[in-house]
Amino acid sequence: QSVLMKTGLILLILGHLSFITAALVHGTVLRFLLSPGDAISLHYAITNAASVISALLTISCGIAALVLSRSLTPATLKWVLFTLSTSSCLGCLSCLLAMAVSIGLTLGNQGQALLAPCTVTNNSTSTPASQQCPFDPTRVYSSTLSLWAISLLLDAMEIVFSLRCLLLSIHLLQL
């Protein structure tokens, strides 16, 4: 029971941190990027939505583990934990792979997809060209990559603890 409770608490915390990280990425950059014609920005948006969904699955798995740790008798709750931990594992794995592709795409094009909504204006010949952006473009490349790296790490930890929860549920179901 104590192992299940600790695993549930860790999943709950990791899920919330992952959710907050995805919200920060969306709020700072991705809400300005989404254009249906651009495949890279569409990939960024889908990856961020997958990150939110996997975070919600991880939170649900943590709650189910906490509830089950109080009383190990309900078979229905054991099956719910089995289903949620499997879904969380697969969701976090797909999110981890998509996040790695996003980081690779961003590093490959030196962040030009992140700065796509910015327009270059040339006011006069004496001043250099300046960018008109709906967000602050100075640190968008490094902050987005940092948040994605944090999200990548959180997804990896969520996979480990979801797998642990899956193994505990398999043991409880005596499969």
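Every residue gets a Cβ built from N, Cα and C, even glycine.
Worth saying up front: this structure is predicted, and the values here are computed from it rather than measured.
If you check TrEMBL, you get these features:
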type	residues	note
TRANSMEM	43-68	transmembrane segment
TRANSMEM	80-105	transmembrane segment
TRANSMEM	145-167	transmembrane segment
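Proximity of distant same-chain residues to the transmembrane segment (43-68), defined by a Cβ-Cβ separation under 8 Å and at least 6 residues beyond the stretch ends, is recorded for 4-5, 7-16, 18-19, 21-23, 25-26, 30, 33-34, 74, 77-78, 80-81, 84-85, 87-88, 91-92, 94-95, 98-99, 101-102, 105, 113, 151, 155, 158, 162, 165, 168, 172. Residues of the same chain lying 6 or more positions beyond the ends of the transmembrane segment (145-167) and with a Cβ under 8 Å from any Cβ of it are 4, 7-8, 10-11, 14-15, 17-18, 21-22, 24-25, 28, 51, 54-55, 58, 61, 65, 81-82, 85-86, 88-89, 92-93, 95-96, 99-100, 102-103, 106-107.
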